[in-house]
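Marked as signal peptide by Swiss-Prot: 1-16. What Swiss-Prot records for 30-59 is domain 'EGF-like 1'. According to Swiss-Prot, the domain 'EGF-like 2' annotation covers 61-106. Annotation comment: Swiss-Prot describes 65-80, 74-92, 94-105, 110-120, 115-133, 135-149, 157-168, 161-177, 179-192 as disulfide bond. As annotated by Swiss-Prot, domain 'EGF-like 3' applies to 106-150. Here Swiss-Prot flags 112, 165, 187, 202 as N-linked glycosylation site. If you look up Swiss-Prot, you'll see 153-193 marked as domain 'EGF-like 4'. As annotated by Swiss-Prot, GPI-anchor amidated serine applies to 196.
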């Protein structure tokens, strides 16, 4: 009975790990961020200067860790902690399951994985946690080079770009939903609108006013 229970518990834990590591899908709604795709995974990217507190949620980060900011996010997957001692100190530390490498918190299993043109992610298809490479768009893992992102290859975009006048585009090594050619994002409505002569005129007027103000100052 104990062996059966132990086996059930082990399988439950492994399934839970796999489920938790595969939270981001094409249907994920990133809170205060947007969805991007690389060759082997999807992830949420934060808007402006926000940081990821988990795989789906972005929040404002604190600029300094002190007694008022304990447990507040100070970077992607990191938070301020209190370090007991004499005197007491405060520091920005990675969340459980992550390690700091080059000032970035990455999964523990990725500490010794080098990908080149891509990044290391957790392999959610493997019941044993391992780090694998997910490549920039235009590159794929090379089995002859320790699965690093050193081989040219295509990845089909799977993002659901459902807003009006937007489409999937490859930008700086990732797929993201962006405005179609001839359209520009309206910051107030977050909708892609036609970049017409009227828009150009408005920009020209703003540029002239800015130039006049600059020279007056």
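Placed from the backbone N, Cα and C atoms, the Cβ positions cover glycine too.
Keep in mind it's a predicted model, so treat the numbers as computed, not measured.
Feature map: Swiss-Prot annotations on the structure.
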residue: 74; record: disulfide bond; DSSP (3 states): strand
residue: 105; record: disulfide bond; DSSP (3 states): strand
residue: 110; record: disulfide bond; DSSP (3 states): helix
residue: 120; record: disulfide bond; DSSP (3 states): strand
residue: 133; record: disulfide bond; DSSP (3 states): strand
residue: 149; record: disulfide bond; DSSP (3 states): strand
residue: 161; record: disulfide bond; DSSP (3 states): coil
residue: 179; record: disulfide bond; DSSP (3 states): strand
residue: 192; record: disulfide bond; DSSP (3 states): strand
For the disulfide-bonded residues listed (74, 135, 179, 192), most other Cβ atoms within 10 Å of the Cβ sits at 135
Where residue 115 (disulfide bond) falls in three-state DSSP terms
coil
Lying 6 or more residues past either end of the domain 'EGF-like 4' (153-193) yet within Cβ distance under 8 Å of it, the residues of that chain are 26-27, 34-39, 42, 45, 117, 135-140, 199
Cα proximity to residue 187 (N-linked glycosylation site), best match among disulfide-bonded residues 94, 110, 135, 157
157
One of the disulfide-bonded residues 135, 157, 161, 179 has its Cα closest to the Cα of residue 74 (disulfide bond), namely 135
Residues of the same chain, at least six outside the domain 'EGF-like 1' (30-59), with any C-beta under 8 angstroms of its C-beta?
23-24, 73-79, 118-119, 121, 132-137, 139-141, 149, 153, 155, 157-159, 173-177
Just to be sure I understand the packing, how many Cβ atoms besides its own are within 10 Å of the Cβ of residue 177 (disulfide bond)?
19
Do you see any of the recorded positions 92, 94, 105, 112, 120, 157 whose C-alpha is within 10 Å of residue 80 (disulfide bond), and which ones?
92, 94
For a quick check of understanding: among the disulfide-bonded residues 149, 157, which residue's Cβ has the most other Cβ atoms within 10 Å?
149
Within 10 angstroms of the C-beta of residue 161 (disulfide bond), the count of other C-beta atoms across all shown chains comes to 18
Expressed in Å to no decimal places, the gap between the Cα atoms of residue 168 (disulfide bond) and residue 94 (disulfide bond) is 32
Candidates 94, 133, 135, 165, 192 (recorded positions); nearest Cα to residue 110 (disulfide bond) turns out to be 133
